[in-house]
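Enquirer: One structure coming up, written as structure tokens, with questions to follow.
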Amino acid sequence: MEKARPLWANPLQFVFACISYAVGLGNVWRFPYLCQMYGGGSFLVPYIIMLVVEGMPLLYLELAVGQRMRQGSIGAWRTISPYLGGVGLASVVVSFFLSTYYNIINAWAFWYLFHSFQDPLPWSVCPLNSNRTGYDEECEKASSTQYFWYRKTLNISPSIQDSGGVQWEQGLCLLLAWLVVYLCILRGTESTGKVVYFTALLPYCVLIIYLVRGLTLHGATNGLAYMFTPKLEQLANPKAWINAATQIFFSLGLGFGSLIAFASYNQPSTDCQKHAIIVSLINSSTSIFASVVTFSIYGFKATFNYESCLNKVILLLTNSFDLEDGFLTASNLEQVKGYLASAFPGKYSEVLPQIRNCSLESELATAVQGTGLSFIVYTEAIKNMAASQLWSVLYFFMLLMLGIGSMLGNTAAILTPLTDSKVISSHLPKEAISGLVCLVNCVIGLVFTMEAGNYWFDIFNDYAATLPLLLIVLVEIVAVCYVFGLRRFESDLKAMTGRTLNWYWKAMWAGVSPLLIISLFVFYLSDYILTGTLQYQAWDASQGQLVTKDYPLYALAIIGLLVASSTMCIPLVALGTFIVRCLKRGDTPPVA
Amino acid sequence: MRQNNSITQEHTRRSKAKADGENAFKVRLSIRTALGDNAYAWDTNEEYLFKAMVAFSMRKVPNRETTEISHVLVCNVTQRVSFWFVVTDPLKNHTLPAVEVQTAIRMNRNRINGAFFLNDQTLEFLKIPSTLAPPTDPSVPIWIIIFGVIFCIVIVAVMLLILSGIRQRRRMSKGPTEVDDSEDKCENTITIENGIPCDPLDTKGGHINDAFMTEDERLTPL
């Protein structure tokens, strides 16, 4: 008796699941950084070109494979060719690594969310030092938001070698994050299908509220103007194109097996072409939308810092020369400086080293990405807004929704092959399998709550998924086009959905996309080889800033292991299947 | 004679109040920064009030209860507004030690600030550090309370879902053992939608003909 495969209750749930998975933290904290680094408005040109040439075809391919094979990644690729089960296994391994380290971000979001209910916000003021005469030294050297992130949240150690102990507060938040994820995936598509309505829609509500607030902030237009003025010379920079391609690739979450898993729960007659186009368009427009919000916040923060800097200079000059209070303003500052330099040259030269050159440009040019953007830069901007608790709660709630939405996809990529496998699902019910996966991930994730945990997080973030995914997707395209056969796949799709495959998709799958991926792969490899030893940014508490250090040997070994454990699955499984088949052929005598 | 005396008195006092004197303190006010349009002008009357506040602070120190306003000397008033002041003891003809003045001012800082509508940042006594307000530390950190609430809600929800899943499975294994086969997609979407492969009551007889399935049987109440 075959148990029916669970299905999405309606196609909308599937679309929301894909959107919720694809629209994640990378849209909020990586795209604005890339936009700023590679030419502002002109970065949109390579971005949109890559979306059409690389993003949509690859997304369509994964959804079509999942919908056609109606199995998780391992089963789907094994069906295409028995030697390619390794591709699915590599996807599962990469998803496993991703889900291990990704949920710590949700833990941090919970931590900040819980701390947002205080007045004043804990990251807006420095704590006092032991004899109450001044502020804590580390906090003075850095800023209060950096101090709260590096000391209170992470309690970071000076280098990756000093592991320190597990921080129980972070451990509790991680446990809560995994419980929430477990709650959402407990019942499979039945529960996931309902949760994705929230995780897909709520971030947009918050982004819209933030857009309105952001645009009305003082100085927001500075940031927007800075971002959107196109610097056309960046179009000639190959790095801009490469980064556009990588951003599209990783932002859509290709190669993890999540999209295959989601599509496998579809009705076979679903029009996945339409869905692929919709999801990729929504993903990219969310990135652009989020960067508008981010840049208005940047503009506000930069203007605020610039004005504080100016005020400090004004105060310094007023005090040193005993000028009338209120006489010096931002507009006459330069004039008065000139006058003072000529009238009191001796005293002026004494004061000169302390006068900082305040520049709005340099404040805007501080480009940050990743956790630094969300937990340091945004919190700094939020603490200066009116009703900062409200904005803080909204912001971290949005981060949580984005993070949990992506986690649902990650865990689906691991669970679908497990529940598909007859061996495992006959012994354990679905709830127990999900529970075990969550428990294992939670326990391993405690590594990231240690004092050196953030350094390990950076290792996983930079190396666990980047190179293996490129290889996996490359093998996927080659497998579908050349091993399975493009014509056979085309006729299968036609039989399934009733629509003929457009020539555009065929051209992209067979030619353009594989070439693009190969060039990305070559670029990444050469980049790693050329940089020599890998380095990381460590927090130096005595200086209150980040310093660059080299990875120790065992960390390099672990990086190598991370990359190898997923990529080696592909050839090893192929080899293993080949050997098993040879043995079987050797055992059974040929039938006449 | 008397006039001579007062002039020499004034002289000696001025020489004591010279800036950078060992026991002299510089004071800096930022009235316009603090009050904006409501800023008052700094004149001799405000100086008088200041001297009165300093004398008041000194009177609170044991052994110094007889300090008078005239014992406080102010000089070098600039446009900033900033000036130097010193507290003298005319009986012994010397200036009071800095440590005593410092302690007195620190203890009454709030009263002095209040008299001028200023705060520690806008009425600065250079060389006298202000005591920073201790942070309010609730006995139980707020975040743990919120964490506890959300944690309990999530655990309860997980338990409920697991228990209802177990109950469904027990009901399924007790009921008819036939399960719909996957070929009948239409029926699949309806029956699986609730997460339970519901067995309509009449499967025992044989295959169900969809066309004759009535509306209320399709929508099993569960």
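Glycine too: its Cβ is placed from the backbone N, Cα and C atoms.
Sharing the features that TrEMBL gives for it:
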TRANSMEM  A:12-31  transmembrane segment
TRANSMEM  A:43-61  transmembrane segment
TRANSMEM  A:82-104  transmembrane segment
TRANSMEM  A:168-186  transmembrane segment
TRANSMEM  A:195-220  transmembrane segment
TRANSMEM  A:240-265  transmembrane segment
TRANSMEM  A:277-298  transmembrane segment
TRANSMEM  A:393-415  transmembrane segment
TRANSMEM  A:436-457  transmembrane segment
TRANSMEM  A:463-486  transmembrane segment
TRANSMEM  A:507-531  transmembrane segment
TRANSMEM  A:551-575  transmembrane segment
Enquirer: For the transmembrane segment (A:393-415) against the transmembrane segment (A:551-575), do we get 3 or more Cβ-Cβ pairs below 8 Å once near-sequence pairs (under 6 apart) are dropped?
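Expert: The answer is no, given that the two segments have fewer than 3 Cβ pairs within the 8 Å cut-off.
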Enquirer: May I ask which of the stretches A:82-104, A:277-298, A:436-457 has the most CB pairs under 8 A with the transmembrane segment (A:463-486)?
Expert: A:82-104
Enquirer: Give the nonlocal contacts of the transmembrane segment (A:195-220) in its own chain as ranges (CB under 8 Å, at least six residues past its ends).
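Expert: Long-range Cβ neighbours of the transmembrane segment (A:195-220): 13, 16-17, 19-20, 23, 184, 286, 289-290, 292-293, 296-297, 299-300, 302-304, 385, 391, 394-395, 397-398, 401-402, 404-405, 408.
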Enquirer: For the transmembrane segment (A:168-186), what are the same-chain contacts with Cβ under 8 Å, counting residues 6+ beyond its ends?
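Expert: Tertiary neighbours of the transmembrane segment (A:168-186) are 103-104, 106-108, 110-111, 114, 153-154, 192, 195, 404, 407-408, 411-412, 415, 431, 434-435, 438-439, 441-442, 445-446, 448-449, 453.
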Enquirer: State the residues, same chain only, that lie 6 or more residues beyond the ends of the transmembrane segment (A:507-531) and have a CB under 8 A from a CB inside it; answer 'none' if no residue qualifies.
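Expert: Long-range Cβ neighbours of the transmembrane segment (A:507-531): 50, 53-54, 57-58, 61, 242, 245-246, 249, 466-467, 470-471, 473-474, 477-478, 480-481, 486.
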